[in-house]
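Here TrEMBL flags 39-288 as domain 'G-protein coupled receptors family 1 profile'. Annotated transmembrane segment per TrEMBL: 30-51, 58-81, 101-121, 133-155, 192-214, 235-259, 271-290, in sequence order.
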Amino acid sequence: MKNQSSITIVLLMNLSEVHATISVLFIFFLLIYLMTVFSNFLIILLVVICAHLHTPMYFFLGNLAFLDMSYSSVTAPSMLFHLITKHWFMSLSECKAQMFFVMYFAGSEVLLLASMSYDRYVAVCRPLHYSQLMSWGICAQMAFFVWSIAFLVAITHMICLRRLTFCGPNRIQNFFCDLPHLFQISCTDTTINVLVLLIVGGVLASAAFVATFYPYVRIFRAVLRIRTSDGKSKAFSTCTSHLTVVIMYYASVAFIYLVPDTSNLLTLNRVVTVIYTLITPLLNPLIYSLRSKDLKAALQRAL
């Protein structure tokens, strides 16, 4: 293995080889990316300039919009460049850098969704203590925790990645770089790296999953005890947007990383990956915008 030359170029998965299809995909994905950046930036702007949106719920929503915009910007421009140039490759250093930011923003979003679940639990189940349990100091600490833990997880994998050498094959089955794909093209034993991924990623994913969905168990119990239908509808309306985003996010992640990557499911896996990386960051602000009366009112006043 030591006599083999190390690779410096990584070949990515070609989304299409038909010229007409490439043009259509480029225009379609470009429009999606521009709409994603615009809609998420608009939410951030509204949360900042509108005083009545200075609440914990919209504070976390602004963080989510920034994460969606950043995550999409890590993968979409690169994919658009490869589509228009038909050069489906990047340097190994660029691949590692993209992998770091993909892991960082994805990990941050998982933890942020868990924080937003706690916010919704306090709003529904502890409304009289909401201002105390969700003070600005606590919200800032939760946001700092989310960004810090995600950074530590991503940098841990980057440090462990330095022990690996890559000597081929240099083709990965995706249009962006992710940690499992780098393991596949390594000629070094990846047992330690996989073990770190399972332990760190498993603990983070399990903790985030429980912290995200357990509050909704308490919320549903509290809502069922409400006697009036109007009260139940009002309580559910405060959680519908977040729950929709959570289910959509976890369903995409589960399919991409848990379903075996077989030849029969390769096309479907590509479609879900595109939805996860491009469509979901666009749908999140649209879901919140359509469900939130305060956000729609703020947009109307701003316009």
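From the backbone N, Cα and C atoms, a Cβ is placed for every residue, glycine too.
Only residues 6 or more beyond the boundaries of the transmembrane segment (133-155), in the same chain, are considered here, and those with a CB under 8 A from a CB of the stretch are 56, 59-60, 63, 100-101, 103-105, 107-108, 110-112, 115, 118-119, 122-123, 126, 200-201, 204. Below 8 A, the CB atoms of the transmembrane segment (101-121) and the transmembrane segment (271-290) form no more than two pairs separated by six or more positions in the chain, fewer than 3 in all. Same-chain neighbours of the transmembrane segment (271-290): 29, 32-33, 35-36, 39-40, 42-43, 61, 64-65, 68-69, 71-72, 75-76, 174-176, 241, 244-245, 248-249, 252-253, 255-256, 296, 299, counting only residues six or more beyond its ends whose CB sits under 8 Å from a CB of the stretch.
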